[in-house]
Amino acid sequence: MSEKNQLQVEAIRHGSVIDHVPAGQGIKILKLFQLIETQERITVGFNLKSGALGKKDLIKIENTRLTEQQANQLALFAPKATVNIIEDFAVVKKHQLELPEFIAGVFHCPNSNCISHNEPVDSYFRVREVKGVVRMKCKYCEKSFTQDIVSERY
């Protein structure tokens, strides 16, 4: 393989590749979506060269196929990312991300008075984009927050 075609992060036989993640968001995605808790091998590249982004992060998860719903939740941090499903070292499906209608069990509500902090319920937010700003509305306290406020503690 010539130097020009050499992969910056090792290829995987089967699994999912999260590509075109803005530089610096990869670690947040690993933590928030608990990807580091899997027993499967994860290969990560930070600040890799990217023609479109300048620099990007890349996450490869072996033997794990992200669902469309899981992939779309990533759009909160990497709206231009793609999730590629790999089988026998080849891309068999490429998923362009879309903001999900809701996101459950990932974030904690920033409202300290919200019942989701004291009751055995999963967090649940409706997601909306208004004039380019992503807002998340808690199902329980009905307060709206920007995506960066909801995710700032991660």
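The backbone N, Cα and C atoms fix where each Cβ goes, glycine too.
The structure displayed is predicted, hence computed values, not measured ones.
Over in Swiss-Prot, the protein carries these features:
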{"type": "BINDING", "residues": "CYS109, CYS114, CYS138, CYS141", "note": "Zn(2+) binding site"}
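Put plainly, the binding-site residues CYS114, CYS138, CYS141 were compared by Cβ crowding within 10 Å, and the winner is CYS138. Annotation for CYS109 (Zn(2+) binding site): same-chain Cβ neighbours under 8 Å, separated by at least 6 residues, are SER116, HIS117, SER123, PHE125, CYS138, TYR140, CYS141, LYS143, VAL150. Within 8 Å of the centroid defined by the CB atoms of CYS109, CYS114, CYS138, CYS141, the record's Zn(2+) site, lie the Cβ atoms of PRO110, ASN111, ASN113, ILE115, SER116, HIS117, SER123, LYS139, TYR140, GLU142, LYS143, excluding the listed residues themselves.
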